[in-house]
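Here is the structure we will look at.
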Amino acid sequence: VDRAYARSLRGMLKIARTVVALATLLCFVASKAHEAYAALAGMETMITLFFLLLYLLRLDTRMRCLLWPLADILNSVMAALFLLVVCLFAVIIRTNKGTLAGGVLGLVLLVLCLVDAVLLCKKISLDKARGRSAPTK
């Protein structure tokens, strides 16, 4: 287990994304909101938990068949787009207080997804400079 990752900014951000996504899911399920709201929050919870475990257990270094940070960036961007649409509908329609709370937490999750994507983009660009093609000093 990579305890340094859990204490890093990226690790804490993944943990925060997982917790907020779970809270969003619970709000949507408890308020008996439309199934699409709960499905999106549930999918985001599971996918974020998958990436968190992938990095915590250092499986990204063992499974080199995929560029995991790039897959994580694509997940963050796609999740942000879906969350924007679904959570704005939830906030605008707000059939009850649970749906409104889920929509607001979803918008917070949207911001966390965008911050995560930016941090991952910076990581990829910094790692690229240290590759084999980079000149040695």
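Note: Cβ is positioned from N, Cα and C throughout, glycine not excepted.
The domain 'MARVEL' annotation in TrEMBL covers 5-125. What TrEMBL lists as transmembrane segment is 12-31, 37-57, 69-93, 99-121.
Only residues 6 or more beyond the boundaries of the transmembrane segment (99-121), in the same chain, are considered here, and those with a CB under 8 A from a CB of the stretch are 9-10, 13-14, 16-17, 20-21, 23-25, 27-28, 31, 33, 37, 40-41, 44, 69, 72-73, 76-77, 79-80, 83-84, 86-91, 93.
The domain 'MARVEL' (5-125): residue composition by secondary structure is 106 helix, 0 strand, 15 coil, according to DSSP.
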